[in-house]
């Protein structure tokens with residue numbers, strides 16, 4: 001399998017093969033080869049239907065039945081390859097040769113690549129294209145970059161300040177402590193402080209410890225599993241206790257959540273019922289809904305366990321087996337490649353639950369979580385030692 005974008009006789013070409021036949025799309029117009037015209041290119045596929053768009057002129061190849069997944073296990077190359085014999089003969093019309101020109105703002109599956117010296121895995125013979133200290137997106141938040149003798153300066157929109165327009169004017173005089181993020185509140189011309197795990201108070205200056213994590217709606221914990229490399233991912237397990245009085249909320253998300261191709265196992269509440277969703281590959285999300293209306297009574301703790309035995313999923317609620325389903329009897333994908341990442345209560349600040357989960361869950365969790373155990377580990381995971389914000393001590397009143 002491959003997916004390749006190339007220039008052929010001045011035209012831009014997309015070629016891909018999902019396992020049966022090679023699909024070729026070519027733009028109607030040539031790209032300007034004068035060295036000072038920027039072109040906007042969008043290319044990809046949905047299933048086996050491809051699209052290629054150069055400067056707003058779109059070519060789409062209607063799909064005929066066939067393979068619909070791109071199974072590649074190689075690195076992602078831009079501008080050239082480390083060895084020309086890596087290029088599939090069908091991926092390009094003529095003999096493969098490296099690209100000469102400038103490339104910026106590469107976005108793969110809605111995630112922008114950082115074209116810096118340190119972020120890529122490797123490379124060779126790459127220079128600075130802009131030639132000035134301004135470069136691409138040096139000034140944040142729609143700031144305008146101005147070249148000066150000593151480097152550059154940014155002219156910032158009214159709401160932003162700082163050398164690169166990175167700071168909201170509402171946070172320019174903030175009193176948030178060193179364990180906090182300043183969150184601007186433009187409507188009230190002020191700010192709030194988001195406290196890192198283990199800190200609380202208006203300015204996040206008070207240290208706390210907790211074993212029960214209390215989530216207030218704009219909270220999250222991101223835990224990195226130190227034993228991920230030793231796990232047998234065909235037999236996953238997640239168990240925890242939670243209490244809430246809400247009818248909506250994401251309780252836990254086992255998976256990287258960087259793009260829609262990531263495997264995941266998710267637990268949450270939807271319209272007052274318990275929902276478990278699992279994706280073992282190819283974006284095939286299988287939602288399992290508990291049939292009974294779920295009583296979200298205040299102060300009542302519930303114990304949930306989700307067990308994945310290859311494609312068989314069991315869900316226990318308060319020690320009772322409530323869901324049991326084989327999500328793929330064909331056994332095409334049997335491992336939960338969750339990347340060693342577990343989220344609780346929500347995602348990073350600024351990432352909305354309904355967007356990241358593609359509508360599977362609507363809101364961040366409000367309530368308490370404790371006693372989280374992964375796989376068959378003898379110890380609960382130390383929530384205090386993870387990354388997160390706006391999580392409070394839930395021990396009081398229990």
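Cβ coordinates come from backbone N, Cα and C, glycine included.
A TrEMBL annotation is a machine prediction, not a hand-curated record.
Per TrEMBL, the features are:
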type	residues	note
DOMAIN	1-129	domain 'Laminin G'
DISULFID	102-129	disulfide bond
DOMAIN	130-166	domain 'EGF-like'
DISULFID	156-165	disulfide bond
DOMAIN	167-205	domain 'EGF-like'
DISULFID	176-193	disulfide bond
DISULFID	195-204	disulfide bond
DOMAIN	210-398	domain 'Laminin G'
Seminar exercise, completed: One residue among the disulfide-bonded residues 129, 193 has the fewest other C-beta atoms within 10 A of its C-beta, namely 129
Exercise. Among the disulfide-bonded residues listed here, 102, 165, 195, which has the most company in the form of other Cβ atoms within 10 Å of its Cβ?
Worked result: 195
For this session: Could you pull out which residues elsewhere in the chain have a CB under 8 Å from any CB of the domain 'EGF-like' (130-166), counting only those six or more residues past its ends?
Result: 104-105, 115, 172, 186
For this session: Could you check which of these disulfide-bonded residues, 102, 129, 165, sit within 10 Å of residue 193 (disulfide bond), going Cα to Cα?
Result: none
Problem set entry | Which disulfide-bonded residues sit within 10 Å of residue 176 (disulfide bond) - Cα, from 102, 129, 156, 165, 195 | 195
Seminar exercise, completed: Within the same chain, the residues at least 6 apart in sequence whose Cβ is under 8 angstroms from that of residue 204 (disulfide bond) are 176, 177, 179, 180, 193, 194, 195, 196
For this session: Round to the nearest Å and give the CA-to-CA distance linking residue 165 (disulfide bond) with residue 102 (disulfide bond).
Result: 26
Exercise. The domain 'EGF-like' (167-205): mean pLDDT?
Worked result: 88
For this session: Please report how many Å separate the Cα atom of residue 129 (disulfide bond) from that of residue 156 (disulfide bond), as a whole number.
Result: 24
Exercise. Helix, strand, coil residue numbers for the domain 'Laminin G' (1-129) per DSSP?
Worked result: 6 helix, 44 strand, 79 coil
For this session: May I ask for the distance between residue 156 (disulfide bond) and residue 102 (disulfide bond), taken between their Cα atoms and rounded to an integer number of Å?
Result: 27
